[in-house]
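Q: Pulled the feature table from TrEMBL, pasting it below:
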- 128: active site, proton acceptor (ACT_SITE)
- 130: active site, nucleophile (ACT_SITE)
- 52, 53, 54, 55, 56, 73, 94, 95, 96, 116, 151, 156: GTP binding site (BINDING)
- 57, 68, 70: Zn(2+) binding site (BINDING)
- 20-171: domain 'GTP cyclohydrolase II' (DOMAIN)
Ligand SMILES: Nc1nc2c(ncn2[C@@H]2O[C@H](COP(=O)(O)OP(=O)(O)OP(=O)(O)O)[C@@H](O)[C@H]2O)c(=O)[nH]1
Ligand SMILES: [Zn+2]
């Protein structure tokens with residue numbers, strides 16, 4: 001069992017204009033400092049809250065790297081939750097769990113022609129090392145057993161359902177295409193079973 005350790009108000013977003021609360025936890029299992037951001041006190045409302053499990057991506061979230069869509073997804077999530085309320089779990093699972101330096105090694109291999117999964121395998125890692133059991137503990141610590149989930153990744157949906165969390169609805173994120181991330185997005189759809197609409201990607205390109 002994990003518990004809420006501290007919970008404090010802060011404003012977030014590009015102009016620090018979006019009120020939220022940041023939550024830390026005790027009793028998480030993988031040794032990482034995962035946090036939750038709560039918008040509009042969504043965990044205490046009667047309505048089933050929208051949640052997102054966002055895996056850390058320093059290059060995308062902070063530097064808005066051309067190689068992926070993580071920063072855009074994070075901004076989209078924060079804007080949506082500002083409007084509708086919601087809970088963002090920011091999970092310290094850099095590089096789908098392989099860590100930042102290994103992800104940069106994988107980028108080197110991708111620059112030589114491998115796709116994201118081939119590069120992982122070449123480095124001796126499975127396609128995806130993420131485990132969402134701490135995310136489940138965080139939800140339970142906040143008293144949440146019934147959610148709407150913002151993702152395009154069916155593995156996240158299955159992880160919650162297998163842990164006894166009821167997911168009423170899955171809300172996809174937009175396809176954020178920019179120069180440099182198209183093959184990354186296509187690979188997610190072809191090899192990672194992501195429910196991204198490639199046609200939508202082509203149109204907005
Ligand atoms: N190993 C590796 N990880 C990457 C690479 N590009 C992005 N990531 C990581 O992928 C994670 C995001 O996972 P994605 O598979 O893009 O998306 P998702 O979180 O599974 O699914 P959504 O909920 O739909 O966003 C972040 O931790 C990124 O750091 C890469 O080339 N190699
Ligand atoms: Zn990324």
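Using N, Cα and C of the backbone, Cβ positions are placed for all residues, glycine too.
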Q: Give me the sequence-ordered set of same-chain residues, not including 57, 68, 70, with a C-beta within 8 angstroms of the centroid of the Zn(2+) site's C-beta atoms.
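A: Filtered neighbour residues, in order: 55, 59, 60, 61, 65, 67, 69, 71, 73.
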Q: Cβ under 6 Å from ligand 1: which of the recorded positions 52, 57, 96, 128, 151 qualify?
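A: Going through 52, 57, 96, 128, 151 in sequence order, those close to ligand 1 turn out to be 57, 96, 151.
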Q: What's the number of neighbouring CB atoms sitting within 10 A of the CB on residue 70 (Zn(2+) binding site)?
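A: I get 21 for this one.
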Q: Going by Cα-Cα distance, pick out whichever of the recorded positions 57, 68, 70, 128 is nearest to residue 96 (GTP binding site).
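A: That would be 128, the closest of 57, 68, 70, 128 to residue 96 (GTP binding site).
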Q: Taking every residue in the domain 'GTP cyclohydrolase II' (20-171), what is their average pLDDT?
A: 96
Q: Cβ neighbours within 10 Å, counted over all protein chains: which one of the recorded positions 52, 54, 96, 130 has the most?
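A: When each Cβ's neighbours within 10 Å are tallied, 52 leads.
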Q: From the recorded positions listed here (52, 56, 57, 68, 96, 128), select those whose CB sits under 6 A from an atom of ligand 2.
A: 57, 68
Q: To the nearest whole angstrom, what is the C-alpha distance linking residue 128 (active site, proton acceptor) and residue 52 (GTP binding site)?
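A: Cα to Cα, residue 128 (active site, proton acceptor) and residue 52 (GTP binding site) are separated by 18 Å.
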Q: What subset of the recorded positions 52, 54, 56, 94, 130, 151 lies within 10 angstroms of residue 70 (Zn(2+) binding site), using C-alpha positions?
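A: Candidates kept after distance check: 54, 56.
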Q: Pop the Cα-Cα gap between residue 57 (Zn(2+) binding site) and residue 130 (active site, nucleophile) into the table, whole Å please.
A: 13
Q: Counting only residues 6+ apart in the same chain, whose Cβ is under 8 Å from the Cβ of residue 68 (Zn(2+) binding site)?
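A: Listed in sequence order, they are 57, 59, 60, 181, 184.
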Q: How many Å separate the two farthest-apart Cα atoms among the GTP-binding residues 52, 53, 54, 55, 56, 73, 94, 95, 96, 116, 151, 156?
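A: Roughly 23 Å, rounded to the nearest whole number.
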Q: Should residue 96 (GTP binding site) be counted as helix, strand, or coil on the basis of DSSP?
A: helix
